[in-house]
Amino acid sequence: MTALPAPRLSHARALWLVAVVLTAILWLWGQRLAPFAFDYPKAWQIPAARWIGNAINWLMKEAAIGPLAFSDVTRFIAALIDAPYRVVLSLLSSGLLSGEGSSAVQLWPPLSWVAAVGLFALLGLYAGGLPLALTVTACMAFVAVFGQWQSAMVTLSSIVVAVPIGVAGGLLAGIAAWRLPWLDRALKPVLDLMQTMPVFAYLVPILILFGFGPTAAVVATLIYAMPPMTRLTTLALRRVPAEIHDLGRMVGCTPRQMTWRVLVPASREPLMVGVNQVIMLSLNMVIIASMIGAGGLGFDVLNALRRLDFGAGLEAGLAIVALAIALDRLSQALARRASAPPRQGARHPYLAAALALVAVAWALGLILPAVQTYPEAARLSTSPFWAAAVEWINVTFFDMLEALKNAILTTLLVPVKRFLLSLPWLGVVALLGLAGWRLGGWRLAALTAGLAFLIAATGQWEKAMITVYLCGLSTLFALLIGIPVAIAVANRDRAWTVTRALIDTLQTLPSFVYLMPVVMLFRVGDFTAMIAVVAYAVVAAIRYTVLGLQGVDPRLIEAGRAMGCTDWQILTRIRLRLALPEILLGVNQTIMFALSMLVITALVGTRDLGQEVYIALTKANPGNGLVAGLAIAFIAIIADRLIHAAAMAQREKLGLEGGG
Amino acid sequence: MPRRLFLSGLRPLALSALIACSTTLGAAAQESSDPIRLTLHDWTGQLITTQLMGEVLKKAGYSVEYVQADYLAQFTGLESGDLHLAMEIWETTGRDAMDASLATGNVENLGPNGLQAKEEWWYPAYMKELCPGLPNWEALKDPACAEAFSTAETAPKGRYLGGPVTWGGFDEERVEALDLPFEVIHAGTDAALFAELESAYQRKAPVLLWIYAPHWAPAKYEGEWVEFPTYSAECYTDPAAGVNPDMAYDCGKPFGDIWKVGWAGLKDKWPGAHKAIQAFTIDNAEMGQMITEVDLNGKTVEAVVADWMAANEARWSGWIAR
């Protein structure tokens with residue numbers, strides 16, 4: 001810190017002091033003098049909702065490329081996605097059918113559950129040996145034993161189609177963004193939009209363009225699940241050491257070989273985190289996908305919770321988790337295996353075993369129906385247990401929990417909310433602009449102040465402030481919990497395995513499953529919403545911090561130790577500092593995750609922008625929904641850019657190289 | 001040999017198919033053999049109504065497909081013809097979306113399905129001890145009674161848990177017009193609403209909330225609806241009408257029909273099905289019983305629907321015959 005030039009510092013401080021004092025004056029006494037600074041006057045509002053609504057209508061009904069209507073193009077894309085989906089669905093769930101609907105005749109049964117579990121086990125054995133085979137079998141057996149097989153196969157079909165498209169699309173976009181800096185700049189806000197715009201905001205246009213059904217669900221899933229893959233690809237390619245580039249050049253790689261044979265394999269670890277994220281986020285969309293015709297496990301969860309059957313909801317939810325874990329571990333192991341040197345002739349025994357298994361299971365299935373479909377009588381159910389458990393906690397601990405909740409509400413949540421709501425929008429816009437200017441120059445200032453102004457100018461200031469309060473506090477809690485946990489487990493293999501299973505569960509278990517018991521204990525409202533947001537956002541904080549810490553070159557840590565650093569110094573001076581790019585990406589993702597939960601918080605009665613989006617959906621008003629969705633995305637972009645610029649400025653001051 | 005076996009197995013099948021065809025030929029003569037897509041939502045009553053309709057249509061020889069869809073998002077699919085029939089659009093909660101959709105001309109209102117939606121403020125029976133004047137709404141004006149319904153956040157006012165904002169319902173207006181010392185809190189979703197009721201009921205704690213019927217809750221929990229001044233259209237529109245001469249909404253919530261809504265092309269593509277759908281009706285008592293069977297007695301929807309079909313053959317064959 002001593003390296004800082006003193007005069008500039010005092011200058012900057014003075015500037016901030018003046019700005020804050022001016023805002024405070026406006027805040028304290030401006031209400032009467034300049035009421036327009038508090039409530040944005042209706043007459044000045046930009047009718048963005050109407051414009052966007054009209055544009056959407058035009059796109060859906062009139063837009064055309066030559067003789068082809070835009071909706072014909074999207075329907076064609078839908079048909080392209082639908083074809084593989086039908087194939088997978090008939091293989092896993094419906095069987096080969098002739099005809100449609102209830103008059104369809106089954107020509108060939110689907111893969112029996114015994115064969116499917118067996119195939120998963122074989123694949124596990126092939127990719128990762130006995131431990132993996134056991135994990136995968138346990139996951140799939142769980143699904144069968146709890147009677148979720150049929151629904152799980154429907155869900156699996158859409159995931160099996162969505163994930164490869166998401167991974168390939170994300171990878172290509174990421175590579176293109178790494179090659180072309182202008183594309184990178186253009187793509188960034190688009191990715192932010194894709195990840196933070198609540199699905200409900202663009203659900204209606206998607207349904208019209210892609211048709212009602214599983215395909216629309218796959219498209220919505222892709223929009224949500226692809227961005228992390230793109231981000232991680234770009235980040236990973238940038239971090240490939242210069243020596244590897246040199247090596248590639250020395251052996252005379254063409255640009256194409258350089259990308260696919262050298263750089264992509266060299267950045268396998270972060271890329272696999274990307275694949276993991278695509279799988280996890282796809283499964284996270286299962287609930288919303290089920291609302292637009294995808295059916296499957298998401299529908300079971302919703303249906304169970306409407307009956308307040310927590311046990312059934314939890315079982316369907318955990319089946320989603322089991323699928324997620326099985327798919328993730330398999331894909332990780334396959335990738336690891338693909339990069340290992342191939343063993344000759346090792347593949348065929350597995351293929352032969354798989355074919356034999358399918359054939360035997362099919363033949364047995366003709367005689368024993370229990371082999372074909374899991375018998376209803378052998379199904380386990382934990383519903384009565386969970387109902388009793390929730391009741392016991394409710395009756396025993398409600399008063400204690402209520403007191404705790406009230407204490408947190410009155411000392412923290414309510415004051416923060418009141419304070420944010422009382423701020424004049426003009427002052428906040430000015431301060432954001434100033435922060436942008438100090439940290440990143442005029443461009444950033446124009447961006448932050450401009451976006452903040454747009455939120456006010458479209459008449460959403462109050463809801464936006466509630467959103468900032470809810471997501472801001474939640475992000476803070478998530479980081480405060482997540483980063484220490486990540487530091488604690490990053491270099492302990494067993495602890496990390498357990499933590500990883502835990503955060504995978506948190507990320508894929510539909511929040512609805514634990515939200516309803518939480519509502520029983522804490523009533524509807526901000527506190528309940530915050531629990532859901534923190535539980536979900538903490539995943540990003542942990543995952544990315546661990547990724548960064550594990551990527552630190554062990555030689556550097558040893559060098560530090562040799563120089564006599566204490567553990568604390570190694571942590572703060574070496575490990576955290578070198579992991580900073582990933583940690584920053586983690587902060588970005590924590591904010592994005594928190595904002596993406598607004599769809600869910602709207603369902604427990606908050607009054608934020610997520611609720612606006614939801615209301616717009618119910619009133620069939622895509623304009624309003626998209627405007628509120630954009631406001632959410634703007635908040636995300638402002639927060640992300642300011643944090644990023646602050647970190648860059650900090651690194652420059654510390655004399656580290658810029659960039660990540 | 002295997003070939004002969006295969007054929008001999010096929011022959012009765014073909015025969016029965018032929019018989020099935022000839023019996024239904026009258027109804028579905030020159031109609032499309034494409035499946036009619038019915039939407040399923042996430043509450044039991046709707047699953048039952050839809051599957052009843054589906055079974056009836058199957059008996060008439062139509063091919064039927066069930067598609068899971070969101071209550072509100074489904075209108076997009078109905079307009080484009082991706083979906084064909086929604087069996088339960090509630091006057092009380094779906095009116096806006098339905099009207100917007102009907103205005104496009106691509107969707108047709110196929111008439112009420114016979115069920116009556118009831119929505120009102122509701123309290124568990126044990127609350128009567130603390131608030132003896134109930135179910136008369138004027139009892140809620142008593143400060144002691146309001147306090148009995150209060151929580152730390154709302155005290156001394158009572159807490160009324162309303163439905164999701166999207167349901168509308170004019171509860172804030174009602175509280176103001178009737179001068180009730182209550183604060184309206186909105187649950188975000190149906191499930192949250194009943195989770196709060198379940199929680200309070202287990203602890204015998206105070207709760208006053210929005211309940212609707214047909215639903216399993218009035219069957220499972222013992223309680224009553226608050227009796228507000230009876231609803232009339234003028235009460236909502238004309239301030240002069242009703243108890244409070246200066247304000248509208250000074251009465252209870254409306255009763256309402258539940259509508260069947262379909263794709264406009266349904267009429268031309270499957271004329272017979274169109275008639276059968278229009279003829280379909282069922283009443284609250286039957287429905288309440290079936291919902292109880294499924295949600296509280298643990299039967300499957302399919303079994304309950306099959307029982308109804310067996311017991312009411314005369315009724316549904318009349319719908320198809322028209």
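Every residue, even glycine, has its Cβ placed from backbone N, Cα and C.
Of the given residue ranges A:68-88, A:278-298, A:383-403, TrEMBL assigns the label transmembrane segment to A:278-298.
Ranking A:113-146, A:278-298, A:527-546 by CB pairs under 8 A with the transmembrane segment (A:158-180) puts A:278-298 at the top. Outside the transmembrane segment (A:419-437) by six or more residues, the chain places 15-16, 19-20, 22-23, 26-27, 30, 34, 36-38, 40, 444-449, 452-453, 456, 461-462, 465-466, 468-469, 638, 641-642, 645 with a CB less than 8 A from a CB of the stretch. Counting Cβ pairs under 8 Å that are 6 or more residues apart, the transmembrane segment (A:625-643) and the transmembrane segment (A:467-489) reach 3 or more and are in contact. Counting Cβ pairs closer than 8 Å to the transmembrane segment (A:467-489), the top stretch among A:113-146, A:350-371, A:501-521, A:527-546 is A:527-546. Residues of the same chain lying 6 or more positions beyond the ends of the transmembrane segment (A:113-146) and with a Cβ under 8 Å from any Cβ of it are 92, 152-153, 315, 318-319, 322-323, 325-326, 329-330, 333-334, 336-337, 347, 350, 353-354, 357-358, 361-362, 364-365, 371-374, 378-382.
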